[in-house]
Amino acid sequence: MAGVMFTVLLCLSAGAMLGTVQGEDPYLFFTWNVTYGTRSPLGVPQQVILINDQFPALPFDMERYPAKEELVARWSAWDQLPNPPGTNYTYHFQVKDQIGSYIYYPSTGMHRASGGFGGLRVNSRLLIPVPYADPEDDYTVILNDWHTKSHKTLQSFLDSGRSLARPAGVLINGKNAKGDGKDEPLFTMKPGKTYKYRICNAGLKNTLNFRIQGHPLKLVEMEGSHVVQNVYESLDVHVGQCFTVLVTANQAPKDYYMVASTRFNKQVLTGKGIIRYTNGKGPASPELPEAPVGWAWSLNQFRSFRWNLTASAARPNPQGSYHYGSINITRTIKLVSSTSREGGKLRYALNGVSHVNPETPLKLAEYYGIANKVFKYDTIQDSPQADIAHAKIVSQPNVLNLTFRNFVEIIFENPEKSMQSYHLDGYSFFAVAVEPGTWTPEKRKSYNLLDAVSRTTVQVFPKSWAAILLTFDNAGMWNIRSEMWERTYLGQQLYASVLSPARSLRDEYNLPDNSLLCGLVKDMPTPQPYSIYGA
């Protein structure tokens, strides 16, 4: 890989913290040099993707900026950064209306299997208190199921009709402790102090159960929401999800293992990392805390998660002041997953359509007014036929046309035997229910309409369904996808087109002047730009 340079400019205002914003707001600058390099995360030298020579990349650490524009920028992937090799790109965005723990990763091909991922930490302004005391330090923990084959090899397997084999192991921050007494600690803790750990699953397929020897985990935040502070011995972190916990160093001063192990598989793979007390004497015990068994335990853990209604997040007003449960649903969309191996080709689908990206990117086609030449809206039914999971799969662009600012219910139904996890770009949603069986309107009686957590991912257990509620108030073309990257790569994704009829800069920015143009729009004249006053 020739070096790819990204310069990331983040609009942050120190003055805003003091209420004295004047003149040009200051920025944080991050420069990434993205290259290939050789590392041996499981003891075997292999090619990985580095950011500034780091694997995994160091976390972004930033503070939420109270911008006046109606803009949400979310980095759970690199969909925003199409960059040819040997070039550079400057990406400029504001961190607004969100706090918390997130991940970023490359979303083209199977690059995610080789690295290029890291943590993203958005902190509250000093003006807005968080519902716990300041920790002694703030640590990011990136979990992965890991293959020793390159992303190109894995992609060739999928292209040839093969599924991905079992991973070779599990990594914690790119490593797996050997337990030979020579392991360096990933983190250190001072006796009596409390630490914040942000735990994210950046893997490809497997739910990973996370725990720390002798130390309970107090859950305080997940994917941008403060939560009721329950204490857990371990947490099931599904693919794409992030949890923030507080851990107090109140045990005997020595080394302890943090442990991550695969769930819902016959063969359990385990990764370890060392936490060392600063005055510690003695190695970590070789006896690892056991993981739970079965997915009923994981489902009950999901049910225990509750939104902290009295805490303030990105805004001074309490989270619970938004009464999502009293809003009328204007549209219900049921998405049913399916798999096909017809003709020796492996494809995954939602409502019988396996998404393929057209030569002209969807957003460019819309922006230049030629969407009808590139794709069709709403080719899938909101309420699919009963046997859709067994219907013939069609490969084509899959785009939903969503009405701006409508309140929508989306059902993810999983008739298959494998675990699934879904993510929606550009939004947080309320995960109001995850239940076994098939969904019917009567199942709304089980919804949590008071304190469901507002988050960005939701898991769906085998032969089960999940329901989310959200307002589509962020104009753009947004990806709804499986977080199981084999499924995403082979079509289990779609796009939600959310157009503002006002064509106003209050709703959506113009396409940047330096955007890469391709396909049918490459030589077209630039469309009439949006204005602050709208059309």
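Yeah, the Cβs are placed from backbone N, Cα and C, and that goes for glycine too.
Quick look at what TrEMBL lists:
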SIGNAL    1-23  signal peptide
DOMAIN    79-125  domain 'Plastocyanin-like'
DOMAIN    137-279  domain 'Plastocyanin-like'
DOMAIN    360-501  domain 'Plastocyanin-like'
Across the domain 'Plastocyanin-like' (137-279), what are the DSSP residue counts per state (helix, strand, coil)? 9 helix, 68 strand, 66 coil
Secondary structure content of the domain 'Plastocyanin-like' (360-501), with strand meaning DSSP E or B: 23 helix, 57 strand, 62 coil
For a three-state summary based on DSSP, what are the helix, strand and coil counts in the domain 'Plastocyanin-like' (79-125)? 4 helix, 19 strand, 24 coil
